[in-house]
Structures are given as C-alpha cells and as structure tokens.
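Annotated in TrEMBL:
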type: BINDING; residues: 39, 61, 64, 70; note: [4Fe-4S] cluster binding site
type: COMPBIAS; residues: 97-108; note: compositional bias 'Basic residues'
type: COMPBIAS; residues: 119-128; note: compositional bias 'Basic and acidic residues'
type: DOMAIN; residues: 38-94; note: domain '4Fe-4S Wbl-type'
type: REGION; residues: 97-128; note: region 'Disordered'
C-alpha cells in the first residue's frame, strides 16, 4: 500500500483560481460552483467496486478545482474507501489501483485477438 504526501501552500490555502474559498463550495449558496465539481454529478462513481469505474473517477478528478484540498481532507479524516482528490482509498490507505474482486487468475488471458493469433499460427506453420 502507498501513502500520499500532499503539498498544501499556506499562502493560498483554500482559495480557488477565481478567488472563491473551498468552504464557499459547501455553504449551500454556491450552486454554480457545484457544477465545477465532477463528484457532484455522479457521486456513486467515486465509491464503485469496479476498478475501471474508479479509474474513470480518478480521471475526472484531474481538472477539479479542489483536488488538493479534497485529498488532504480525506487523509486527515482517514476516509476508509473511495476516490478522493484523484487517489483511490482502500482500507484507509491510498492505493495505486484497486484489484478486482475474487481470486486472481492462474493464467493471464491472451492479449491477442483470437483471429490474429490463428493467422500468426498458420503463417508459422507454412514457413516450417
């Protein structure tokens, strides 16, 4: 498991690019700012079980105006799971990627398409 170190500057802490404060996003009067937060559109995506959906949530966090503050808050609160500030939390720690449910495969799936693999085998048989 990985741990994250979050750089937060004290000079501009809590300020968004347009001068609004992070606290202003949550006071109920900032409905226009809510549209800038991707987690407000589909909150369930940030707590999905599917690793592919969690990766999608991480990519949506990339342009979020409060990404750093979100991650710092999640670390200070000890969030047990979900995507916070563009990072995946599992059991209270930041992880690089979420493993799918169930036991890992003994043998990896073939990466080539079956038709391409069959064509390659035929070419090798002809050459031999």
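Placed from the backbone N, Cα and C atoms, the Cβ positions cover glycine too.
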Taking the Cβ of residue 64 ([4Fe-4S] cluster binding site) as reference, which residues of that chain separated by at least 6 in sequence fall under 8 Å from it? 36, 37, 38, 39, 70, 85, 86
Show, in sequence order, which residues other than 39, 61, 64, 70 on the same chain lie with their Cβ within 8 Å of the centre of the Cβ atoms of the [4Fe-4S] cluster site. 37, 38, 46, 60, 66, 67, 83, 84, 85, 86
Look at the binding-site residues 39, 70 and tell me which residue has the greatest number of other C-beta atoms within 10 angstroms of its C-beta. 70
Neighbour tally for residue 61 ([4Fe-4S] cluster binding site), based on other Cβ positions within 10 Å of its Cβ: 21
On average, what pLDDT score does this prediction assign to the domain '4Fe-4S Wbl-type' (38-94)? 90
Taking DSSP H, G, I as helix and E, B as strand, the compositional bias 'Basic and acidic residues' (119-128) contains 9 helix, 0 strand, 1 coil
